Amino acid sequence: MKLWETFRYEVVYQVRNVSIWVFFLFLLIITYLLASEVFIDEPVVGGYSLFAPYYIAKVSVIAYIVGILILAPIPGNAATRDIETRMYPLLYTAPISKFVYLGGRFLAALTLGAILMTAIPAGILGASLFPGEHVLLTAPIIPAAYLNAYFLFVLPNTFVAMAFMFAVATLSRRGIASFLVAILIFFIAFASWQLIAVNEGNWKLAKLTDPLGISLIQELKTLWSPVEKNTLMAGTQTWTLLNRLIWCLIALSLLVLTYLRFRREPTAISNKMGKGGRFSKFPTTPEGFHILKDTPIVVPQVQQTFGFSSRALQVITVSIESFKVVMGWGWIAFTCLAIFVFLTSPSWFSDFHHASQLPVSGHLLILLENHTYNAIWFVIPLLILYYAGELVWREREARLHEIIGAAPIPIWISFAGKFTGLFLALVLMQVLMMISGMMVQMRLGYYDFEFPLYLKILFGIRLVDYTLLGLLAFVIHVVVNQKYIGNLIIILFFVIAFYGYLIGIEPGLFVYGSDPGWTYSEIRGLEPYMYPWFVFKLYWVAWALLLAVVANLLWPRGTERTLKQRIQEGSRRLTRQTKAITAFAVMLILIFGGFIFYNTSILHPRTAAPEGEEWKADYEKLYRKYADSPQPWLTAVNLHVEIFPELRAVDIRGRQSYVNRTGSRIDSIHLATALGVENHLIRFSRTSTPKLIDEKLGHHIYVLDKPLLPGDSLHLDFHVSFSPQGFPNYGIDASLVKNGSSVDDAWLPKMGYQKSREIEDPKERSKQGLNPNRMFLPSLDVARMGIPGQERIDFEAVVGTDKEQIAIAPGKLQRSWSENGRSYFHYSTEAPIINDIAFFSADYDVSESQWKSKETGQLVDIEILYHPGHTLNLERMVNGIHASLDYLTKQLGPYPHSEIRFLENTGYNKGMQANPTNVWYRTGYALLNQASDSERVDVTFATVAHEVAHQWWGHQLSPAIMKGNILLIESLAWYSAFEIIEEALGKEKFLDLVHQFQQEYFSPQARSVQPLLKANDHTLIYRKGPLVLYTIREYVGKEQVRMALKNLFKKNAFGSPPLPTPQDLFSELQKVTPDSMHYLLHDLLATNTYWDLKTEQSSASQTKEGSWQVSLDVQARKYTVDTLGVETDVPMDDWIQIGIFDAGEGQKGEREALYLKWHRISSGKQTIKVNLPNKPAYAGIDPSNLLMDLKRGNNTSKVALQQQE
Amino acid sequence: MKDQIALGIQNVSKSYPNGVKALQNISLTIPPGMYGLLGPNGAGKSTLMRILATLQEPDEGTIYFGNIDVLRQKEEVRQTLGYLPQDFGLHPNARTEELLNYFAVLKGIKDNKARREVVEALLKQTNLWDVRHQKLGGFSGGMRQRFGVAIAMLGNPKLIIVDEPTAGLDPAERVRYLNLLSEMGENSVVILSTHIVEDVSELCTRMAVINKGQILLETEPHKAIENLNGKVWRRVIEKNALPRLELEHVIISTKLLGGRTVVHIFSETSPGNDFELTSPDLEDVYFTVIAQDFRKNLEQEVKEVLV
């Protein structure tokens, strides 16, 4: 009865609060937007409906991140209102049990939370019912899906969150503590997903440690097929239930603990909490107290001064006090962050195939401070807004506000002092971040700290951002004057600031604190981002000044609280000084705002390539009709390129030669000019008349006075220059910088309609009124002829750059010289190259060596151009290049050039990209530090081998543009890399790499994919492709596969039509494979086939002769999965390896194979018996995992040894 | 100090959004010395005190403290103001000396040495010197109030406002506390608001009685008592006799004494044999004023109903 009454009273009391319904509405809208806008791409691209149970569960989980912050006031209020209103003496003495009091309050909070969170399914339902432009995605509503998402994700989340928040608020007696708990839960969930699952790859652990279920749902994203997403319930998966169970148990035990620890006597808790507290027992009067005294209070007469130095002292005093407030609990949060950084950081520097990297300061700082890399850093803004609220409310919550209000200090002193206190705490936090960053580096054995860089990024860039945010938080708290709502508004603000682009709100003049972004690179430093960043921040500082004035005027001094009263009061405080500051701030806003506007909206659009998608749509709408009009074919390119790194400009003069290789006359030329460049000259070697010059979309049509007959040739002379001025609101192009410029051929004029300009994203296409399904593949016949971009060209270029830099282009360096204070480099090719040109310019160091063919004596100069100091991997790279050239020239054919160059480019990812004769790699690759772990796969070596292999696969053999074509480039280059490693480093390293590929391929892997021959998916091409070739090699033989690849290469290496297709690879493989194995090629390449192989049990008994009789019960199944996820069983009668192994007690601990033979295995259960001379320990089917088996762990089992009879 | 400054309150009114008229056209002149503002709960005392302490705005009226316009020149007022609110808390984790020093800085005592001396003197005066290192969270009600006095006394204020200081203090603590208050600057304007008559009678040289936002009486306590001389009559009765008595006499107050009821009535002439003349005290003054006000309001209401 009493429980019910406590419960009822609490629910009714809180429901009366309007803000709860505002929150409900807010969450409803957020969820609706998440479902209908932010995540809409997933069903659009993934091919499932807006009603799919998976989608409902996913949006529920994501929306809950907002939900949990909304929930915070409820348990905080329920747990501590009695204390904060000082009603507790009445309630604590009422004849109700602790259980009734706490239970009633908690249940009421839980109920309210549960009701509030119905906004989530309601919002999703709204998105499904009003799908807007996405009508195609609708399907019948499955009520069970909403119930499932609500009762298995939303409700348990609410229970867990409520229990944590209620417990902490009750025990700490601070309502707002629940808000900190919400931040903590959010933090744990994100850390589980991003660090444990994504970075560490430990999805199983993450699925348990994630209190909100983000990891659960993110794993299903890749794991499930569209059909599964449409039908299966994420909530009733075993892992989900397990996760829910664990967290509910933790929450429950926390509640029990709260019940046990809760004391009604305030002192007991105060002492235990070490807080002293205002509820402490009265201490006795100190001894020596005189009851009566006649002397009047004699206080020394002191000078009160209110000049500048007093004011300064007051600001300092208030700021120290405020700093202590932030540090009160804040040090725990800061320490947690620092420890978190320290503990998780090693994974940041081994995310690339587990290869460790040098933790250089630049990379570390980007990971630490650039929120786009890691959503965990939202914790810091959350802490800022929390403490801004605490400081604004500090006096009122301590009930000191009347005394302070009557003290002779102007408001700006309080404001400046508190703000400085928060600022000092932020400085301390950054210092802590710096120390933990350096400790991370030391831990990883790196001691080159680059202190100035730490200062620049931590204190120059991030601290400014935090300070601006802190000021906004102060102002919002002052203006809103309602703590929870203030917090919510600020959260809403920075969700918009950081994720607004998902609903079309971009950084710019209207998003407070925003900037065009920045990154750091060893080569170019913080260029070219700092200047725009600085201008933007000046603009926001001006705003901040204005906001500070507003906060000062509306500061709730005294006891007048309503906004109206405060405005009246504020207008009285509007002194001439204040007015002057306001005017000054407004003036700065106008000046800097105007300057930014001029740069972003006038100067930049006029001189740089256009942003956005609109022009692409216009281009497609207007000119797609010319896509099939026959055009001359490029045969030679001769350029004079001037790169001006300081000015960030390029000037290119050149001649391109063409031939009419079609069978018909060409009478008009469609010329695509690059947008954003200035075309100074476009002249053909034949007279022509311009018919259409569309500079805006970069399409020109020239009618030739005399048509170009088949076989006739044509030159185009041109002169273009590119010199972008100003800067954009976001997405600054860093390709031209003081040091480390890279320029591709995008600024050269090209013939024909440019398909590359079309919008790819289906959602964006339909938004722009285009057919969402872009038909970008040409017909097979056209494709096999080769399309523009696939030409083989003779290339020659003179590239000029700054004196101290080296400029690079494809081909052999003929000559280099200095002229007019600039350096020039003349390159030309010795054999036609594919039309894939890029220029680089930087202050490089060069490492030179030479390779000589053992067979033919061919010489190849090897150059590695690297950023000074980045020498860690030079030797490995050279070795890799040597080994690759050895293998590839022997297996496939000679290297067509006499130079090969590797050069470093900016960026911390580990990418490498092969252009003809030039392979460029990112700084991240240069920082790979594998010397320390020689046990592992040599990624450095393998990547080099792969890229050198592209000089054959890709640059000599280039496939027709069609589905699956990349297979012939990437899969084959990786397979070659496999064999290069086998030849150069030995079988063991080779198998290590294979195992790593297997591991990477099978860790959460979508099943419903295209067969390999039609695959475009990255994982399939880069992982499954080489693995499949390895499997074929194991079944058919190494030499046979080599033969097939060699034949494929020899027939297609010249780039002349018809270009090869994946089918050609298939036929070559068929030719070297016995007929009895053709089924395997079909299964591996032509269909998406899986095997489900399992050793149910194995046993062995020793015969009288001493040999061992081994018996394996195996279960086998083979099935195909189509792209929708439909499984079809395929009867099998396949050759599969059966292996029996010893216990692996040898020196290296590897299990030696006692028996490894092919057996015919059919579908279903079967028993295999083998007789062996030695004692077995393990036995299994397909023990090397050659076949595509998603559950590889159960292939092998331990052999049960039976007693001899 | 020769130029003694007085506080002048002219026609001050204040009403709250919920319709309560907290102050209605109040005018008072308050000279230096201890001034008592006496009134029941909800009379408008605290509103007036907060207005004087620059924390609230009246709807109309003017207030001058000497030449300072209290409503406009708030900053100047605050520089010479000592305010002890009715209800205040202290940062529980701060230490006594630390927080007082903090306020000393806020009150513009810049010089380090002087500030230390002032803080020490005040803590000694308020008998908190021995607990200067103790956390304020552990303070008793009396200690907290004394600490409040210390804050209010910082910077030798000329205008001291003390709102309901004795509420909730035990008798011994109250005595100590009133002692302390009596020692507060004699040259300053000290306004003490209270609903406890003894506070005023023991401390104040002048006083005003306020009820329902109006000043009912402004006087010096001893003069007010003199005026009642010979007009207050006392009688001890059984409790059930009270209703009949109420009809016949103007009752000032009733009090329980050993289970019986002691009634004071106001009468210019002798009300009868059962009553004995008693020498009035300030409590009789207070209750007389309140009772008269109550009756006046009642009559007015009756009139309104009749009209």
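Note that Cβ sites are derived from N, Cα and C of the backbone, with glycine treated the same way.
Features of the protein shown, as given by TrEMBL:
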{"type": "TRANSMEM", "residues": "A:20-40", "note": "transmembrane segment"}
{"type": "TRANSMEM", "residues": "A:52-72", "note": "transmembrane segment"}
{"type": "TRANSMEM", "residues": "A:150-169", "note": "transmembrane segment"}
{"type": "TRANSMEM", "residues": "A:176-196", "note": "transmembrane segment"}
{"type": "TRANSMEM", "residues": "A:241-262", "note": "transmembrane segment"}
{"type": "TRANSMEM", "residues": "A:329-350", "note": "transmembrane segment"}
{"type": "TRANSMEM", "residues": "A:370-388", "note": "transmembrane segment"}
{"type": "TRANSMEM", "residues": "A:409-433", "note": "transmembrane segment"}
{"type": "TRANSMEM", "residues": "A:453-476", "note": "transmembrane segment"}
{"type": "TRANSMEM", "residues": "A:488-513", "note": "transmembrane segment"}
{"type": "TRANSMEM", "residues": "A:533-555", "note": "transmembrane segment"}
{"type": "TRANSMEM", "residues": "A:580-598", "note": "transmembrane segment"}
{"type": "DOMAIN", "residues": "A:893-1073", "note": "domain 'Peptidase M1 membrane alanine aminopeptidase'"}
What else in the chain is close to the transmembrane segment (A:150-169), if you only count residues 6 or more beyond its ends and a Cβ gap under 8 Å? 57, 60-61, 64, 67-68, 71-72, 74-76, 78-80, 105-106, 109-110, 113-114, 117-118, 120-121, 175, 177-178, 180-182, 184-185, 211-213, 233-236, 240-241, 244, 247-248, 250-252, 254-255, 257-258
Cβ contacts under 8 Å made by the transmembrane segment (A:20-40) with residues that lie 6+ beyond its boundaries: 14, 50, 55, 58-59, 62-63, 66-67, 70, 74, 112, 116-117, 119-120, 122-124, 126-128, 130-132, 134, 485, 488, 492, 499, 502-503, 763
Near the transmembrane segment (A:453-476), which same-chain residues lie under 8 Å Cβ to Cβ, leaving out any that are not at least 6 residues past its ends? 361-362, 365-366, 368-369, 380-381, 384-385, 388-389, 391-392, 415, 418-419, 422-423, 426-427, 430, 433-434, 437-438, 486, 489-490, 493-494, 512-513, 518, 520, 526, 533, 537, 540-541, 544, 547-548, 550-551
Beyond a gap of at least 6 residues from its ends, the CB atoms lying under 8 Å from the transmembrane segment (A:533-555) belong to 411-412, 414-415, 419, 461, 464, 468, 471-472, 474-475, 478-479, 509, 512-516, 518, 563, 566-567, 570-571, 573-574, 578, 581-582, 584-586, 588-589, 592-593, 595-596, 599
Intrachain residues whose Cβ lies under 8 Å of the transmembrane segment (A:176-196), provided they are six or more past its termini: 65, 68-69, 71-73, 75-76, 79, 160-161, 164-166, 168-169, 202-203, 205-206, 209-215, 218, 329, 333, 340, 344, 347, 374-376, 378-379, 382-383, 386, 389-390, 483-484, 487
